[in-house]
Amino acid sequence: MLFRLLIVLPVLAVALFLYGAIVSIGYIEENRCRMTYMFEHPQYTRLPVQGNERFPKYGLYAYSEGFVTQRVQQRLFTGAPVLFVPGSGGSYKQVRSLASVALRKGLDNNWQAHLDYFSVDLNEELSGVYGGYLQDQTDFLDLCIQEITRLYGARGRTTRLFIVGHSVGGKLAQAVVGARTSIGRHVAGIVTLSAPVDKPVALFDHYHYSFYDRIEQASLTKPGPLLMLLATGSLTAKFLALFKAIPPTETVATPLAVSILVHLVALGVLVLATLALWGAIAFCANFAHKIILRLIALPIPVMSSTFLSCIHKFPLAIAVLLVAIALTACGGVSLLCAAAVYFVLLSKAYEDYLENFVFNTARKIAARLFGARERPHGEGGRAGRKRNRRRTANETGDELMVINFHLPLFLLVILLALLNVPSVITWAKNYHYANTLQPDPSLVPALAVLVCLAVLWQLNTPRNVCGYELLSALLVIGAFVSVLYCQVHVYRLNYLLALVFVAITVHQIIAPKRREVREEEEEEEAEAGDGKEAVEGVEQAEHEEEETGDKKAN
């Protein structure tokens, strides 16, 4: 009853969650934004930045329209500078809506007071989910502020600029101003639009945590310029605009029911994912093989099928290849490939289980219909009957036990791969600049998991050894640790899951065999020895008979 309840409640929670998502997506509120129009074609003039050799994928642009483009190309900037910093995955061309309106306002007052808009190109990197490039972006933003200051200082003007940061761009502006005193004196203020100022959207790697921690420590010791928040709540924006102060971070208490519902939804998703994987293993194995053959796309079809057969017969070699991919490309890519290989191995194990199940069933039916049953006598007969019964149970359950052992590990590999998808996307976007992702937050967990998979795939796992109770207790403790310490700091889950794989692998290697397994092996060895002696005795008797016959013939 309790087991059924644990299945029904999560599925019900998932259904309610999907209903709420559909209602939220289907409800479309009135669009109260006003469209901005241009009267000239927008122009983005790239400006050289001193020290840009370190950041070839970044750039600084000045916005202009019509006749103003000529003034920009001649580096004639007479207005107040404003630097726009895009957010995660944002383009430097997003400055158009602000800069075009500001340019028209300047033309309306005969160019007496106007704004010069600059924009930073950060290669549309997903810095909201991957924090490995936050420091590089901060350093380049520092260079851009210095370059803009030099452009105005060349004409004898000393001016301070405003920074407009959207999303993560607002946090970058806060970082470059708060951590560098020399830059802070050139900045009059920062305007952030929907910026994650207090904490990031998700902590998928420790680089985000270190970045925010450095900014917080710097803000406590070095007060920066005025920070104005927009589109993050009207009360906060009005408070900052009126009182010119940054309030402390408030801790909001979340009801326990919310946490329970979230965990029920997660448990329901896990149940549905497990059912879907069982269905995929049972019905989509052939389709998965075809997809893998297409992905390999080797010039010779025989080589593709040979590679696929190597996955079944030599999994250790495939694991070594995955480790090489992790070292030369990205750990997340190797985890995705490992999930695909694991699926092939599980589908093969399920095929073997079905074949053995059908064969054993047919053998039993044939034995009952046409076979003759032996009646063993004596103590040896009872022992043999007991041993045969145990052997039959092992034959029918070993294949299914293999699937039950590896399926949770397969789910953990999929979870690890999904956690490191931001690293994979970042590696793919920057492959033109570097073949290897640097820094790679997924490398260490990927290497640990791949080494463990190499051992688990090569050994005949699960082994009938002692210590499964202790291992299960350790896994339960790991589950509690993940709930307590990995809900916000999601990147910790990578290392925790890697430790789970290490614990399981070490247990399979060093744990001693069970007593009944040792006794069975000793009995089999004794039977093999008795059989060998019997065969030798028969051969010796035949040899003596031949010698006797030869003597009589002589």
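Cβ coordinates come from backbone N, Cα and C, glycine included.
Note: TrEMBL annotation is automatic and uncurated.
Taken from TrEMBL, the feature transmembrane segment applies to 6-28 (among others).
Per TrEMBL, the feature domain 'GPI inositol-deacylase PGAP1-like alpha/beta' maps to 77-218.
Among the features that TrEMBL reports, transmembrane segment is placed at 226-246 (among others).
Annotated transmembrane segment per TrEMBL: 258-284 (among others), in sequence order.
Taken from TrEMBL, the feature domain 'GPI inositol-deacylase transmembrane' applies to 258-505.
If you look up TrEMBL, you'll see 291-308 (among others) marked as transmembrane segment.
Within its own chain, the transmembrane segment (314-345) has Cβ neighbours under 8 Å at 280-281, 285, 288-289, 292, 295, 308, 406, 409-410, 413-414, 416-417, 420-424, 427, 435-437, 440-447, 449-451, 453-454, 457-458, counting only residues six or more beyond its boundaries. The transmembrane segment annotation in TrEMBL covers 314-345 (among others).
The annotation transmembrane segment is assigned in TrEMBL to 400-422 (among others).
For the transmembrane segment (442-459), same-chain residues at least 6 beyond its ends with a Cβ under 8 Å from one of its own Cβ atoms are 315-316, 318-320, 322-323, 326-327, 330-332, 334-335, 338, 342, 345, 406, 409, 413, 416, 419-420, 423, 494-495, 497-499, 501-502, 504-505, 508-509. Residues annotated as transmembrane segment in TrEMBL: 442-459 (among others).
Per TrEMBL, transmembrane segment is recorded for 466-485 (among others). Counting only same-chain residues 6+ beyond the ends of the transmembrane segment (466-485), those with a CB under 8 A from a CB of the stretch are 263, 492-493, 496, 499-500, 503-504, 507, 511-514.
TrEMBL lists 491-510 (among others) with the feature transmembrane segment.
Look at TrEMBL and you will find 514-554 tagged as region 'Disordered'.
Per TrEMBL, the feature compositional bias 'Acidic residues' maps to 519-528.
Long-range contacts of the transmembrane segment (400-422) within the same chain, counting only residues at least 6 positions beyond its ends with a Cβ under 8 Å from a Cβ of the stretch, are 126, 129-130, 204-205, 270, 273-274, 277-278, 281, 331-332, 335-336, 338-339, 342-343, 345-346, 349-350, 353, 441-442, 445-446, 449, 453, 456, 461-462, 490-491, 493-494, 497-498, 500-501, 504. Here the domain 'GPI inositol-deacylase PGAP1-like alpha/beta' (77-218) has, by DSSP, the following mix of helix, strand and coil residues: 66 helix, 26 strand, 50 coil.
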